[in-house]
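Everything on this sheet refers to the single structure shown next.
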Amino acid sequence: PAGPLGDDFSFVSPVAKYVLFFFNLLFWVSAGTPRHPAPEGHPDPGAVPAAVACLAVDPAILLVVVGVLTFLITFCGCVGSLRENICLLQMFSVCLTVIFLLQLAAGVLGFVFSDKARGKVSEIINGAIVHYRDDLDLQNLIDFGQKEFSCCGGVSYKDWSQNMYFNCTATNPSRERCSVPFSCCLHHDPQAVINTMCGHGMQARGYLEASAFIHTNGCIDKLVNWTHSNLFLLGGIALGLALPQLVGIVLAQLLINQIRDQIKLQLYNQQHRADPWS
C-alpha cells in the first residue's frame, strides 16, 4: 500500500471552512445585537395576561424568539466550522434543514389550504383588534398595517367594536366608544400634527357616510389582494431566504465529510508509523 501522506496535508478545505465561519459570524453578530428597550408605554403587569393571549402577533416577543434561535444556530455553525467540530456542524445542519422544510411545508400548505389560511389570518387580526390597547408594539404594528394597506379592521371598520375601548354598546363608558383608531382615517394632505380623534364616532355612521372620513374596507381582503398581486415578489423573498440556508447546509455537510476524511487519514498515519510493514 502507498505510504502515509505528509502531516501537513489536510482534506479540510480552508475555503469551505472560513466561508462557513464568516457566513455564520455575520448572522451571529446580527442576532446578538441588543434590541431597543421596551418603550414607557409597554403594558404594565396587570395587562400582561391579555398580551400573552396574543403572542402570535406580538412583534417584540417574535423578535426575541427569532433572535435567540438565530444566535444559537449560528453559534453552532460558527464555532463548529472554526474548531472543526463534527457534533456542532451536524447540529447546525440539522437545524437549518428543519427550518427549511418547515418553511417549504408552510408555503405548500398555505397554497393548498388557502381558505383555512385566510380563516387563520382573520382569527389573528381579530385577536389583535381585541388587544390593541394592551401592547404598544402591537398597536404600532396594527396602525402601520392599516395605514400601509389603507384599510380598517378585519372585514370592515365595524370590527373595532370587538375592542372594549371602541365597543359601540350603550353601556360602554369609554370616551372612544364607537370610534376607530386614527390609522383608519383618510389623509389627503401631509399633516404636521396628526389628529388622533379623527375616527371618533365613525362606527355609528353608515358605510357611505363613514367612507368620507375613514377607510371602510377591512384589511383581510386588502392583504389577500396584495398577496395575489405580489406573488413574484413574495417568491423572490422566499428564494432569498432559502438560498443562504441551502448554502449553509451544503457547506456544513461538505466540511463534515472533509473532517471525517481527515480523521481517517490521521488514524492511518498513526497506524502506519506504529507498524511500517502493514
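Using N, Cα and C of the backbone, Cβ positions are placed for all residues, glycine too.
These figures come from a predicted structure and were not determined experimentally.
Record features, source TrEMBL:
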type	residues	note
TRANSMEM	12-30	transmembrane segment
TRANSMEM	50-75	transmembrane segment
TRANSMEM	87-113	transmembrane segment
DISULFID	Cys151-Cys184	disulfide bond
DISULFID	Cys152-Cys168	disulfide bond
TRANSMEM	231-256	transmembrane segment
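In this structure, the disulfide-bonded residues under consideration are Cys151, Cys152, Cys168, Cys184, and the one with the smallest number of other Cβ atoms within 10 Å of its Cβ is Cys168.
When Cβ-Cβ distances below 8 Å are used as the criterion, the transmembrane segment (87-113) is approached by residues 24, 73-74, 76-77, 79-81, 238, 241-242, 245-246, 248-249, 252-253, 255-256, 259 of the same chain, each at least six residues removed from its ends. Cys184 (disulfide bond) and Cys152 (disulfide bond) are 5 Å apart (CA-CA, integer value).
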